[in-house]
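**Student:** For reference, the structure I am asking about is given below.
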Amino acid sequence: MSTKIIFFAILLSIATTTANHDYKDALSKSIIFFEGQRSGKLPPHQSITWRSDSGLSDGSSDNVDLTGGYYDAGDNVKFGFPMAFTTTMMAWSVLEFGRRMADEQLEAAREAVRWGSDYLLKASAHLPNALYVQVGDPKADHKCWERAEDMTTARPVYKVTPSNPGSDVAAETAAALAAASRVFRHVDPGYSSKLIEAAEKAFAFADTYRGSYSDSLSSVVCPFYCSYSGFHDELLWGAAWLFKATHNASYLDYAKSLSLDDDSDVFSWDNKLPGARVLLSRDSHIDNEGELSTFREHAQRFMCNVLRGSPSQSGELHSGRTDVQDGWEQPAVNYILGDNPNEMSYMVGYGDRYPRRIHHRDSSIPIYSTNGMSSSSYGCDGVRVTFVIAYNK
């Protein structure tokens with residue numbers, strides 16, 4: 001799911017561009033995708049109607065409420081690490097480009113952010129004793145192809161604690177909560193304050209009890225979402241977002257104290273170094289520009305490394321954007337929307353020819369009530385046979 005958020009962000013950046021494609025329509029449909037991944041009690045205005053309430057007892061095995069949040073697309077597992085990153089990036093996209101969005105799109109995007117941040121508030125409610133980071137055993141889940149609404153597999157919960165730390169997932173959770181707080185600062189100040197308070201607790205936990213959640217929970221998070229890059233990049237990322245959200249200089253001092261000099265040409269759910277450096281290098285709350293020079297140099301090198309056709313040191317980062325290969329993202333988006341050898345859109349619902357089902361299990365399994373069959377027919381036993389029969393009745 002975290003890959004989808006990158007496409008969402010790019011669409012936001014070009015939504016007002018004049019072109020042969022309707023980027024505003026594509027943007028609306030990219031937001032709807034996240035509705036398809038929702039867990040928990042769904043709202044009455046849910047537009048994807050083949051989804052319904054699911055995971056309503058999540059957390060009960062540990063006497064906590066972990067309902068809500070997002071499934072990991074093809075899985076019925078809720079992985080906290082990539083879910084938090086997705087929430088962070090959705091929030092950043094709204095902060096950067098929300099003013100370009102139509103009112104209804106902006107409201108839908110805020111709702112998508114809030115669906116993630118509401119869950120992360122629940123996951124962090126027991127800090128500093130525990131941060132809940134996952135619901136569902138991925139190995140058991142991957143053996144059973146069933147609708148989220150009809151789950152028969154056990155729903156164990158997993159957490160990091162002071163004795164079994166997870167600085168990476170905790171700092172990413174802090175980043176998500178801090179970024180979301182800025183989204184709601186003016187439209188819901190009380191909620192924004194609540195997010196900041198939780199973000200600071202999560203970051204303090206990440207810094208005080210250092211260690212990787214991949215070590216503490218290796219049997220259930222690896223190889224699915226191991227933190228291969230370690231946890232220092234998340235500490236930088238979390239500090240950067242808390243500085244943005246609070247303007248508290250101690251978070252900037254903390255970011256500088258990490259002294260992370262490694263370059264990276266990958267920005268992803270695992271490696272946050274480039275994102276943190278770009279975020280810090282464009283800050284307008286710092287009088288001494290020299291304080292940002294190290295972050296800016298790293299950000300410039302990252303941009304030069306990843307921009308197509310950009311020779312080394314051929315671009316500079318100014319006020320949070322690069323002047324190298326301006327518009328490079330538009331051909332990539334156009335390819336996805338139909339300008340490709342197959343002459344079809346790869347976005348569900350966009351254009352005249354497109355895939356019919358989003359990346360979610362429910363989209364490939366008939367709703368039992370439609371076929372007059374009991375939900376047990378779609379459990380783990382014999383699901384492939386039942387699936388074929390149901391579609392060929």
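Quick reminder: no glycine exception, Cβ is built from N, Cα and C everywhere.
Residues or ranges marked as signal peptide by TrEMBL: 1-19. Residues or ranges marked as domain 'Glycoside hydrolase family 9' by TrEMBL: 23-313, 327-370. Residues or ranges marked as active site by TrEMBL: His359.
Buried or exposed, and what's around them? Tell me for each listed feature.
**Tutor:** Counting only same-chain residues at least 6 apart in sequence, those with a Cβ under 8 Å from the Cβ of His359 (active site) are Ala73, Gly74.
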**Student:** For the domain 'Glycoside hydrolase family 9' (23-313), what is the mean per-residue pLDDT, to the nearest integer?
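**Tutor:** When the pLDDT values over the domain 'Glycoside hydrolase family 9' (23-313) are averaged, the result is 92.
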